[in-house]
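Heads up, the thing below is written out as structure tokens.
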Amino acid sequence: MERNNKTISTDFILLGLWPEFSHLVILIYLILLVYCVAVMSNVILILLIWLDLQLHSPMYFLLSHLSLIDLALISTSVPKMVTNFFSGERIISQVGCGTQIFFSLTLGIAECLLLTLMSYDRYIAICNPLCYSIIISDVTCKKMVIVSWTGGAITSLVHTAYAMHFPICHPREILHFLCEVMALLKLTCEDISAYVKSVVVSSFLVVLIPLSLILASYTLIFLAVLRMNSSEGRNKALATCSSHLYVVSLYFGPAILVYMRPGSSKTPKLNQCLFMFNAILTPMLNPLIYSLRNKDVIEALKSRVINRFPLRKMKRHLHCYT
């Protein structure tokens, strides 16, 4: 009996998305639909890049890992949230909470670093195309991916270990749909002002510095594009860069508002909206942006799907039945 009480006392309760919302079941079904679309679109994009030889280039290699990060990121929160809603159990263990914090931070930081390196890839491709294959080699691409994942994992491990060591006061209720550092720290019994400042500093290093590098890269890119004589080359460069800029704005906007906005800890409901956009909607939108706005991806999809069922064969089968 004492063991059961001890186990229960170490668990957390996730209050979920706006408990007072009267039509919450409709919202959960919409989130589940978004999750299915995100999983399907990211898996299709990953398989398409890996299987189609025309997409075996550094840009699409990095894009496949961005889709892999998005796929893992949305899977860290939605399955648990949907399961808790339909089962009626909102409990998450202390180990589960720490694990969710670790993976969500790892994937979020890894995506931030990868987006920065992808902007560098576009800078070399447009501003120094003759040396592109030498500078952005296969080895370089693999190092970019390793740096993104390793940087995210190390930074996340430090924050997770430090946040989880604080003593928790009862009730152990987290006003969120997932375990998140700032929401968890509101339950602590100690003064965490010093740690909150360290979170702001690390957010500056992880968010603002990469964003500044991305903006610097695209400033040089646009200057190079304006000097292009070929309108076709200019349009192709702008189309590729615009897709990446859309993804960058979708990611960095909510991240800055959550971690670097003054008094963000006092607006938990707004933070939930921003997290839902960043961790649920963005992983669905990213592959759609890159696929619907990219002629190479569309052509590869047509060759893989449509060309397997040629119109002539369909007409021949129909002629046999008539």
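The backbone N, Cα and C atoms fix where each Cβ goes, glycine too.
Look at TrEMBL and you will find 41-290 tagged as domain 'G-protein coupled receptors family 1 profile'.
Here TrEMBL flags 21-51 (among others) as transmembrane segment. Through the fold, the transmembrane segment (21-51) approaches residues 60-61, 63-64, 67-68, 70-71, 74-75, 78-79, 81-82, 85-86, 276, 280-281, 283-284, 286-288, 290-291, 297, 300-301, 304 of its own chain, all at least 6 residues removed from its boundaries and within a Cβ separation under 8 Å.
The feature transmembrane segment is assigned by TrEMBL to 57-78 (among others).
Look at TrEMBL and you will find 99-120 (among others) tagged as transmembrane segment. For the transmembrane segment (99-120), the list of distant contacts is 59, 62-63, 65-66, 69-70, 72-73, 76-77, 80, 92, 144-145, 147-149, 151-153, 155-157, 159-160, 163-164, 178-181, 184, 206-207, 210, 213-214, 217-218, 244, 247-248, 251-252, 255, 278-279: same-chain residues at least six beyond its ends, Cβ to Cβ under 8 Å.
Here TrEMBL flags 204-226 (among others) as transmembrane segment.
Among the features that TrEMBL reports, transmembrane segment is placed at 238-259 (among others). Packing against the transmembrane segment (238-259) from elsewhere in the chain are residues 59, 66, 108, 111-112, 115, 118-119, 122, 126, 182, 199-200, 203, 207-208, 211, 214, 218, 221-222, 225, 270-271, 274-275, 277-278, 281-282, 285-286, 289-290, 293-295: each is 6 or more residues past its ends and has a CB under 8 Å from a CB in it.
Annotated transmembrane segment per TrEMBL: 274-292 (among others), in sequence order.
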